[in-house]
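S.K.: Below are the features I grabbed from Swiss-Prot:
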type: TRANSMEM; residues: 25-45; note: transmembrane segment
type: TRANSMEM; residues: 73-93; note: transmembrane segment
type: TRANSMEM; residues: 97-117; note: transmembrane segment
type: TRANSMEM; residues: 135-155; note: transmembrane segment
type: TRANSMEM; residues: 190-210; note: transmembrane segment
type: TRANSMEM; residues: 222-242; note: transmembrane segment
type: TRANSMEM; residues: 258-278; note: transmembrane segment
type: TRANSMEM; residues: 286-306; note: transmembrane segment
type: TRANSMEM; residues: 311-331; note: transmembrane segment
type: TRANSMEM; residues: 366-386; note: transmembrane segment
Amino acid sequence: MLLALAQWLQGDASFLRLFTYLTFRAVMATITALVIGLVCGPWVIRKLTQMKVGQAVRKDGPQTHLVKSGTPTMGGVLILIGIAVATLLWGDLTNRFIWIVMLVTFGFGVIGWVDDYRKVVYKDPRGMSSREKYFWQSVIGLFAAVYLAFSVSEANNVRVFDLFMAWVRSGLSMGLPARADLMLPFLKSISYPLGVWGFIALTYFVIVGASNAVNLTDGLDGLVIMPVVLVGASLGVFAYVMGSAVYSKYLLFPHIPGAGELLIFCSAMGGAGLAFLWYNTHPAQVFMGDVGALALGGALGTVAVIVRQEIVLFIMGGIFVAETLSVMLQVTWFKYTKRRYGEGRRIFKMAPLHHHFELSGWKETQVVVRFWIITLMLCLFGLSTLKLR
């Protein structure tokens, strides 16, 4: 919004050229989202408390968590407000990637809000049924996947629909240009061609998978928000490189016109996340709930797809991956042993993985900070793929 205003008034005030610089707008988006979160946080927490939207705690979990019962949840609304305002103020609203990321983020946010609402109203920690949640995630994820298959392939906004129709007329057999290939980290100028169907399948898996992985990780005070901020900031760097014809050529990455604008979104997400951490750090005054976790995970997955860094997201988001795998392994092994031996057996003391460490004697704050440190190391490793190729 401010970019369009600056471009319109640029002839009358030369200092407005500052608003056309991507890095300046990214810094301002971070500050804007951070200030909004810090200022509005107490008010949002009071409102959530008045609405009696307290978190229900599993009785079979660590006993130290029982004191958290009643802590306001659905605080992810605060994050989404900061992201929305900062992105709309400082982003280029003609950029197609901004809008598709916003659609996925807030679409998944709505799913999470409904899930949280049911948990609060019906006092049921399970919320929406897994089938219902997965269905709506799939609707949004598939729409985004189909759209991105052609918008990543085409530099011109107008021709995205034309490209889609050309694919339909080809009998759904048309390929995609090289910039839509799956990039392999650490390998210079080597990528794997996906085709339209492969791109759609991978994109769907990344977006929906990232959303649920972040949601599973959100179980301790401050645990998930800092990894989201770190991974989001790292993806913002990739977006800046991919969106620049100069830097992408120098670093031997495909140039994706318009991708650089995602730095604004990632910066806004970082600022909003840090503001939320102010109130979510131990002992938490508010939890983000599914409204925040599902939305942020979907956002990370969508940005990773646009900048063609799906594998790097898998690396940098290693904590999310480990948490998800711990649940999958626990459930699978329990069902197998129950069928085989008549009683279910567990690999971990409790899943997701952070609860296993808690029950192993780690304090909550130890688990949280150590997971942060691991994520920081993984993000630095992921960023090294910019040059180590």
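Backbone N, Cα and C atoms are what each Cβ position is placed from, and that goes for glycine too.
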S.K.: Could you tell me what the rest of the chain brings near the transmembrane segment (286-306), counting residues at least six beyond its ends with Cβ under 8 Å?
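M.R.: Distal contacts: 41, 44-45, 48, 55, 68, 71-80, 97, 100-101, 104-109, 111-113, 115-116, 127, 137, 140-141, 144-145, 148, 152, 202-203, 206-215, 217-218, 224-225, 228, 231-232, 235-236, 239, 256, 259, 262, 265-266, 269, 273, 276, 279-280, 312-313, 317, 320.
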S.K.: Is it the case that the transmembrane segment (25-45) and the transmembrane segment (190-210) touch, counting contact as three or more CB pairs under 8 Å in which the residues of each pair are 6 or more positions apart?
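M.R.: These two segments do not touch.
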S.K.: Can you say which of 135-155, 190-210, 222-242, 258-278, 311-331 has the most Cβ pairs under 8 Å with the transmembrane segment (73-93)?
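M.R.: When the Cβ pairs under 8 Å are tallied, 258-278 comes out ahead.
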S.K.: Sort out the residues at least 6 away from either end of the transmembrane segment (97-117), same chain, that have Cβ-Cβ distances under 8 Å to it, and list them.
M.R.: 53, 73-74, 76-77, 80, 83-84, 87, 91, 127-128, 133, 136-137, 140-141, 143-144, 147-148, 151, 207, 211, 215, 258-259, 261-262, 264-265, 289-299, 301-303, 306
S.K.: Taking 3+ C-beta pairs under 8 angstroms (sequence gap of 6 or more) as contact, is the transmembrane segment (366-386) in contact with the transmembrane segment (222-242)?
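M.R.: Yes, the transmembrane segment (366-386) and the transmembrane segment (222-242) are in contact.
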S.K.: In the same chain, which residue numbers or ranges, 6 or more beyond the ends of the transmembrane segment (222-242), come under 8 angstroms Cβ to Cβ?
M.R.: 22-23, 26, 214, 248, 251, 253-256, 259-263, 265-267, 269-270, 273-274, 276-277, 280-282, 284, 288, 293, 296-297, 299-300, 303-304, 306-309, 312-313, 316-317, 319-320, 354, 367-368, 371-372, 375-376, 379, 382-383, 386
